[in-house]
Amino acid sequence: MENNNNTTNHDDDAKRSSNSTRSEVVVVMNKATYIPLLVTNFVFLFVGSLSSSLLSKYYFIHNGKSIWVSTWVQCAGFPLLLIPIFLPYYLFNTTTRKPFTRFTPNLLFLSLLIGLLLGLNNLLFSYGNSFLPVSTSALLLSSQLAFTLVLSVLIVKQKITFSNLNCVVLLVTSSVLLALSSSHDKPESTTRSQYFAGFFCTVGAGLLFALYLPVMERVYRKVYCYAMVMEMQLVMELAATALATAGMAGKGGFEDMVTESRGGPVEGFDKGTTAYWLTVGFNVVTWQLCFMGTAGMVFLTSSLTGGICMTALMTMNVIGGVVVYGDEFGGSKAVSAVLSVWGFCSYVYGMYVKMKQQQQQQQTLISSNHNYNQESQQNENQSMEMVARLNVDQSV
């Protein structure tokens, strides 16, 4: 019995030690690196989302035709993730944790499974983006936010508040306004059937991504540091790349890449070989920035916050499509953009109010603990004085 009790106590101590270590990691990150890391990931998301959207459209506008090539470049940059995984340990010595330690078989399986889901999402996005204007596809993808909210409630028990519900309603309304008039801005070279196929593929990509975000938040609850997030992202991108590579091999994607790179008015990329490989290369980099930023935002905040940030940034994609490619920007898109900004600002304000309330609660708790400690110390001093007096009386 004694041995069992000792074993139980030892296990409890180990659990407390593990929880303590995790708390220390979180506290250190909160104090030293949380805000810079959050800002960095938002910048990655901003730059990656805007640039990848414009570059993908640039590829199709200038006679790039392979949907599989467009799918492949979204995940083929996974080796870039080795930089944030290995440099902090081997070069900067900012962490004592070796890469891929505590990476369990369960996490590996989940990462591979989610990676295949991500690969399918990339394919749907590429198909939709090949037939739709940047502004239309960007605003259509914002419809994923409503599904992100619902799935977040079901999967991660996200609380519905006036702030997030108001934001979702506004953003979804902006997508509905767009859909009601979307068939009027289809490109001249796109048939009506192709346009609507692209329309529904883009909506499907939004739905899959809506599932991806809360599932990732659920999985990240088993992860205790940002490096592990990047490790999981590497495995997911590797699985998505394997799926895209299989499609490239089966559908002649690599042959298409060689043909397009040679240039030419009919089959090749009409901007020439150098421009083609620059487009592909920068597309690879910007997509990785986008996915890195998304993963970081979900880990540091929540799946709903990550989805809201992505949806709000799509307004910039709309403006980018209008400025760079001359996409039509009529009244419906203007109203949609305004509603998108309004919804995002209302959510940010709600987060600000919530943070203020949490800070006040923490200060109240700290003050209560301080007063309790003072009272305990006073009682202890009084007890010691009484014991001392009793000892003196007994000696006399």
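Using N, Cα and C of the backbone, Cβ positions are placed for all residues, glycine too.
What TrEMBL says about this one:
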- 32-55: transmembrane segment (TRANSMEM)
- 67-91: transmembrane segment (TRANSMEM)
- 103-125: transmembrane segment (TRANSMEM)
- 131-156: transmembrane segment (TRANSMEM)
- 163-183: transmembrane segment (TRANSMEM)
- 195-213: transmembrane segment (TRANSMEM)
- 234-254: transmembrane segment (TRANSMEM)
- 274-300: transmembrane segment (TRANSMEM)
- 307-326: transmembrane segment (TRANSMEM)
- 332-352: transmembrane segment (TRANSMEM)
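Counting same-chain residues at least six beyond the ends of the transmembrane segment (234-254), those with a Cβ under 8 angstroms from any Cβ of the stretch are 66, 68-69, 71-72, 74-78, 81-82, 85, 108, 111-116, 118-120, 122-123, 288, 291. Of the candidate ranges 67-91, 195-213, 274-300, 195-213 has the most C-beta pairs within less than 8 angstroms of the transmembrane segment (103-125). A Cβ distance under 8 Å defines the sequence-distant neighbours of the transmembrane segment (67-91), meaning residues of its chain 6+ beyond its ends; these are 52, 56, 59-60, 97-99, 118-119, 122-123, 125-127, 129-130, 227, 230-231, 233-234, 237-238, 240-241, 244-245, 247-248, 251, 253, 256-257, 260, 280, 283-285, 287-288, 291-292.
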